[in-house]
Protein chains: 2
Amino acid sequence: MIELRGAPAAESLLQQARERLQNLPFVPHLHVVRLGEDPASVSYVRLKDRKAREIGLKSTVHVLPEESSQADLLVLIEHLNQDQDAHGILVQLPLPRHIDAQTVIETINPLKDVDGFHPENVGKLWLGQEALLPCTPAGILALCDHHQIQLSGKQVVIVGRSNIVGKPLAALMLSRDATVTIAHSRTLNLSEVTRRADVLVAAVGRPGTITPEMVKPGAVVLDVGVNRLEGKLVGDVAPEVQEVAGALTPVPGGIGPMTVANLMLNTVLAAERQR
Amino acid sequence: MIELRGAPAAESLLQQARERLQNLPFVPHLHVVRLGEDPASVSYVRLKDRKAREIGLKSTVHVLPEESSQADLLVLIEHLNQDQDAHGILVQLPLPRHIDAQTVIETINPLKDVDGFHPENVGKLWLGQEALLPCTPAGILALCDHHQIQLSGKQVVIVGRSNIVGKPLAALMLSRDATVTIAHSRTLNLSEVTRRADVLVAAVGRPGTITPEMVKPGAVVLDVGVNRLEGKLVGDVAPEVQEVAGALTPVPGGIGPMTVANLMLNTVLAAERQR
């Protein structure tokens, strides 16, 4: 079985970002907004901030108290929308319950929406127009490309229909001429569906969702899950799948690095388009 | 085999539109823009205009010469965007080659975009937010509902990945908890894929695309094709499929009426949201 490590593929995305950076007459500036001190959010935001600086971007993290009002958050976003020195705006999710994430996302200028979550970017993705792509799905595609996994004409089965991974990934896989199936919690005979996959994507958020008998021997398995289990980080794919799959992404170290790398590329692309 | 006729289902959509109309303190006004004299466009626009008047909407058709510039068309759209007495704006497609359809569609105020083609509406559809839905996919769903075709947990296979039918229909079928597969011209072993379908949708635009051996016995087959063949209107599904399918939409008289009926409902919904 081939282990599909993210690091080398992420590095080639970052290299692409660095090269484009050199052709810009200014340094793009990423602004990440975090509310409160949720440990996972703190750690993700730190990672993004560090990686941005590492490749030569400017990066600012705005930390608001957890009890900030939605109005306060929107004022900050409007300010960043206007700010010529803010090329990428990312509001770290999840947000506290008293804030409506959708309203927040829709307030971000779509040209600065480096998460690719704004309805206009989602619409353009499905229409095949130039858009800022959501980082995890775009990163998955880059990983496939790096490891020369053919997608055209392949049966791709995506388990999970989230707005962040499952659905946008379906659009991208379709744009690569894959035959795409989206399965989910209401899918009957899930293992029958997953066993058809040449490329199986697990994006559910539950450890052990994909077991060996659900995988066609030799299939490529992409594990998007990031779950904490007994203090360890595990994916959605049971470890025994290694014995059936032809190729598999590890967790951690598979899709994870792709997401962050694609955020860097998005920030550069956003800056280019704002010139 | 059950024939899934559109007329009764369309009538119930129109009834819904009429009822909502009565609760509005004004009469919604649909504006349809047509460029040139393409016979199919002339006939579609006439149909929409007539149906709108029939159910009690105001309707205006704006006819521009085929050689009109894109700028002229955009000026008209901007005018209609501002006009408080324009609740729905529809530009009949296809447009002459010298005009970029995407630019035209993006100029329409998304709140008045009764075709549901604006990126913002497409994005909201995929995000599960309130949006104006594209008329044919929404009409297909209404047809299924009228004929009490269960979608939840079913294998739905959509052949065709257009922005107008295949892709948005996938979003709607997913919202109904179907397991959705999108197949297309690059799909390998198409009949193997289509034979899995409990509900098979043909939206390709080529007569005879779906033949009996591609259909699971008893499956529901929805024929979205509208093709002219030897002076007759035929769908994408070969006539012999009648002997295998459990239920089938006729062409004409199946999906067609649903599209127009849903346009009427969209115009009323758009007017409600603009209050």
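Cβ coordinates come from backbone N, Cα and C, glycine included.
Curation does not apply to TrEMBL; its annotations are automatic.
Noted in TrEMBL for the protein shown:
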type	residues	note
BINDING	A:Gly160, A:Arg161, A:Ser162, A:Val226	NADP(+) binding site
DOMAIN	A:4-115	domain 'Tetrahydrofolate dehydrogenase/cyclohydrolase catalytic'
DOMAIN	A:134-274	domain 'Tetrahydrofolate dehydrogenase/cyclohydrolase NAD(P)-binding'
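Feature map: annotations from TrEMBL on the structure.
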| residue | record | contacts (Cβ under 8 Å, 6+ apart) |
| --- | --- | --- |
| A:Gly160 | NADP(+) binding site | A:Gly166, A:Ala183, A:His184, A:Val201, A:Ala202, A:Ala203, A:Val204, A:Gly205, A:Val224 |
| A:Arg161 | NADP(+) binding site | A:Lys167, A:Ile182, A:His184 |
| A:Ser162 | NADP(+) binding site | A:Ala203 |
| A:Val226 | NADP(+) binding site | A:Gly205, A:Leu233, A:Gly235, A:Val251, A:Pro252, A:Gly256 |
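Using a CB-CB cutoff of under 8 Å against chain B, the binding-site residues that qualify from A:Gly160, A:Arg161, A:Ser162, A:Val226 are A:Arg161.
For the recorded site, A:Val226 (NADP(+) binding site), the DSSP three-state label reads coil. Residues listed for NADP(+), A:Gly160, A:Arg161, A:Ser162, A:Val226, cover a largest CA to CA span of 16 Å. In this model, the domain 'Tetrahydrofolate dehydrogenase/cyclohydrolase catalytic' (A:4-115) carries an average pLDDT of 97. A coil conformation is recorded for A:Gly160 (NADP(+) binding site) in the three-state DSSP classification, outside any helix or strand.
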